[in-house]
Amino acid sequence: MADQDPYGAIKFGEFRKYMQNKESKLKEQESILGNQGESGIIPVLQGLSIHVNGYTDPPQSELRRLIVQYGGDYQHYLKKSKVTHIIATTLTNSKMEEFRAYKVVTPNWITDSIQQGQLLPWTEYRVIQNQSAQRELSFGPQLTSKASSSPLQTRQTTPKAKPDPTLQKAKSLSTRTESTSKPLLPLPQLQQSISTPQPYTDISMPISPHYTTEQEQNQLPSGKELNTALLANPWNRNNSSTNPDFIKKYYQSSRLHHLSSWKAELKDIVRKAKEQQQESTRLRPISSKRNDSHRLVMHVDFDCFFASVGIKSRPELAKLPVAVSHGKGLSKNSSSDIASCNYVARSFGVRNGMHVGRAKELCPNLQIIPYEFEKYKEVSEIFYGILFQYADEIQAVSVDEALLEMGSHITVAGRNEEESLALMVRNEIRKKTGCEASIGMGANILLARLATKKAKPCNHYYCDPQDVAAFLSEQKVEDLPGVGYAMKSKFQDMGVTTVGQLRQVAKSILLSKFGPKTGQTLYDFSRGIDDRRLITKQPRQSVSAEVNWGVRFENNEQIEAFLGSLSSEISERLKAIDRKGKSITLKVLVRAKHAGEAAKHLGCGECDSHSKSVVLDFFTDDADVIAKHVKHALKSFTFLAVDIRGLSIQIQKLNNDADQNISVEDNQQRRLKFDSVHDAVTHSNQHKPESSKSKMAIDYEMYMELPQDIQRELNEEHELEFITNPQQEDRPTELHQKDQTPEPAASNENITPPPAVVTQDPSQFLPALPNWSQLDPSALLALPQNMQKQVLEAYKSSTSSKHQYIDNTTTTADTGSKPISLKPSLSGNTSANGDYGKITKSTSPRRSKPRFSKKKNLNGITLTQLFPPSPKRTTIQNVEDDEGALFLSGDGNTTGAQLMVGTTDRYTMEGNGLAPAIRDLNPSDFTLVNGTHPKSMEIWPQLPKDIQQELLQTYYQEQRQKRIQNKTVTDVQKRIPSAPIQTEPILMGKSNLADVRTLLSAWVHEFSSAPDSKDVQTVTNYLKELVWCKDLEKVQLLLMHLDRITQADSINKTTWANSVQGMKESVSHEMIIVYGAPLG
DNA sequence: ATCCTCCCCTAC
DNA sequence: TAAGGTAGGGGAGGAT
Ligand SMILES: Nc1ccn([C@H]2C[C@H](O)[C@@H](COP(=O)(O)OP(=O)(O)OP(=O)(O)O)O2)c(=O)n1
Ligand SMILES: [Mg+2]
């Protein structure tokens, strides 16, 4: 259209399509639900558009049913422009912030209205901040007093990952944001009208009634104004991304960058040392494999590392409060970060990561000392030198911190050997570095880390296995490693403060609230269980470079230039470690709509994060290649240049040595087959001096479809210019529909196409291809079919079939630049997070949605009408296929089968009251699905979407099962000849620890009154097998697990204790047979 | 179920 | 002024 923002247009179109698809899909489900309702109801909710957030008392699914039934519009997603009301039971601060502009009401508003047959005033049901959120308001003062009274607990405010309490307070009290509480720039509406159109001016806001009465949100800050003002200051300009030397200078001064690169180096050193050591000890049997009974993990960590090193050369400061920072704190409101402060300063409430200004408020006498990066590195080298002498294994955690396996140092238990060992290490560190380190020890990483916290400062602590329970119970949840700000908030919502309380939370709740892995980890941690080994040799999986400070652009050229520099930077980093990658990701931080100038000087402030990745067909470390792809990725976004606050590039899917070989071979093979083409291309360019590559415009999608060696050739021989087919970028005519995310109008600040926009003309592409005559037919034939087609089409397009070519790119582009990248903007997620004022927000855009069991997805649709079921299987067979068929043990005992029927029914009915009979509608029962791709079925196009989906899933599931079956069959076949290889014992098809645990939990839960003796026998046999396989650790862990889960309240403790005891005795007996010693 | 992408989170 | 980087675990939701 008239504007020059085709990129915006395409994005817009996709956005709409995406949401529309989504909506129609979900709406189908609704009409189903709605039709189920009786007639004669009063549509009290007519005209309302309601979104349900989080956990509600009548559960989400029930509310949804009611809303639809009573004429309301249920919104699965929080779509700003549409939603009129949000249902929620509680509101934490972050949600409060996010929902600022909506009517947030309790579920009772719905139920009461329905009951009374009329819509009641929503204001009566307004959700106000909950208690826990209120409490947080007083966090600041508390922090101060608490910290001063108990220095050992200082970790309770972990350095980073905490929002500035004061900031948080301001937000929740007055719904003011960073911008409004610190208005740097006056923003008269006058200027807005003069300046370019405001794409972010919010059209949706007025539609949704305000949560509060204030007007502020109508005057959103303008990115351009903010930026212009900031960059008008030459000081700022010189220190921002507009300066070409910026990146280098920035990284030189960034403590976090130093920290990260040091860590990478250390991990590398440790890895290499280990490799060498393994080399030299190859002949010796490796004994220290997995003997957890004597495991001793030591966690060593310098006290206030940067500060200690700095104080060493400034002894006069030792007794004063000291902090390391760039800012000298001259200006009284310095937003400079404190990297590290000594314990004197901490007694005032000062913390690592805090801004100097705030710290000075707490401690006016705070002494600021500068960074001395070289010194930190020197001390660190000495430190690791010491560790290498003691440790069986080392995991580098940081410059000043490491985890060690020290089991070999302990000969006899109970002789305090741990303490003297720690003392020895600490003394040596003190002597050789002049700094204090603290040490924590325990039987696993978790306990060691917790012990360090308890030990600090300047001490050590051994968490004796006997004391674990008591020691753990008193810990605060946020002291658990991995629990940071976000999880702490979640716990706060749940009313969980201590690890002891956490232990009382049912595992099912943890799993559903935190996900399978995290839930299990939390469950284990609260019991002192931590199976993780030290990570000592894991190779690097990604390399990235990011800058989220000082990023202020005026136009697109600056962005592209900056991405160029960043690409070079990352290319150098890749080369330095001699690795290449094939996945490139661009991440862009964009100023949140309502955010003004960042709290931190030149910081990114509150941002939305957007990323886009591309997977290449080849490995690369080439700066130009990387730059081209990230620049292209950038164009798939539509941000204003002035709103960009951070940029980063990540390279993933790195080659390891094996890959490199494979890929080289792979390439060579292909190259051989493609020799003639290759030669032709290279040859034709040989006349030209290397330096002046010919320019070539090429459609990006087209390029991506080319074989990898051709891509490489093109990159090496030409200066590529990616273009995009303008036809596919056309702005949809529905543009003016107002409920869409506002699009940037054309303006200088827009990410506009590259200066040289080349219209789609295949002839422009042709010069890159060899002449027809040079194309070796055998080479062409050697290519996979789809590539053949592409090559041929590339040639064809020069003459007749331009059409085809365009069509082709259009479709690939459609799927290639998916609307996924838009999610952040449409979810409208915006909230503060992280530490003192930084932040890329993160109110999770993904609310917990109803999780449908597979069967539930059928939602009452009568599949039978479409497909008469094949001869029905027996119930038991049917059930056998189910995941839940835990204890249908090999001998086919009936108790197991009974149990399973029950379980399945419940599973099926979960939450939606579907009749058990629906089990029989499991699509896998329909022969039509068997082996046939659903899409190849004639009836396919006529099926409702969710049925299609269902069939697809079933199909893929079947395929997978076949694959697995084939595999096991062949595996077995292979294995049989090679006789006596011990296979891993399996319990109901599961072998890994977590799975078996889950099985056991399900078992115990299912038979809470008493176990079936056959099941006990099955489990016992399994444990015995483990004993034979020398997997004693697993035996131990599983028995502990059984101990734990049979002590739950819902369990009949007597019968179960007996059974478990019996199992233990059997295992012990087996131990004596196998090893001559009983269970420890 | 498993894989992939786009996040979020955590730690130093 | 100020230098809010980064690797890796993991979850949600979609595609296959
Ligand atoms: N937000 C943070 C946290 C840490 N660091 C740097 C400075 C620290 O000295 C070093 C080590 O981090 P620690 O978490 O170990 O903190 P300290 O060593 O300073 O204190 P302590 O370990 O005694 O709690 O990392 C930083 O720059 N910024
Ligand atoms: Mg430390």
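Backbone N, Cα and C atoms are what each Cβ position is placed from, and that goes for glycine too.
The domain 'BRCT' feature in TrEMBL is assigned to A:40-127.
TrEMBL lists A:136-159 (among others) with the feature compositional bias 'Polar residues'.
The compositional bias 'Polar residues' annotation in TrEMBL covers A:169-178 (among others).
Per TrEMBL, the feature compositional bias 'Low complexity' maps to A:180-199.
The compositional bias 'Polar residues' annotation in TrEMBL covers A:210-220 (among others).
Regional average pLDDT for the domain 'UmuC' (A:297-484) in the model is 96. The annotation domain 'UmuC' is assigned in TrEMBL to A:297-484.
Here TrEMBL flags A:ASP301, A:ASP400, A:GLU401 as Mg(2+) binding site. Taking a C-beta cut-off of under 8 angstroms and a sequence separation of 6 or more, A:ASP400 (Mg(2+) binding site) has the following same-chain neighbours: A:ASP301, A:PHE302, A:PHE305, A:TYR376, A:VAL379, A:SER380, A:PHE383, A:ALA437.
The compositional bias 'Basic and acidic residues' annotation in TrEMBL covers A:728-741.
The compositional bias 'Polar residues' annotation in TrEMBL covers A:796-815 (among others).
Here TrEMBL flags A:824-833 (among others) as compositional bias 'Polar residues'.
Marked as compositional bias 'Basic residues' by TrEMBL: A:844-855.
Within 10 Å of the Cβ of A:GLU401 (Mg(2+) binding site) there are 20 other Cβ atoms, across all protein chains.
Within 8 Å of the centroid of the Cβ atoms of A:ASP301, A:ASP400, A:GLU401, where the record puts Mg(2+), the same chain has further Cβ atoms from A:VAL300, A:PHE302, A:PHE305, A:VAL397, A:SER398, A:VAL399, A:ALA402, A:ALA437.
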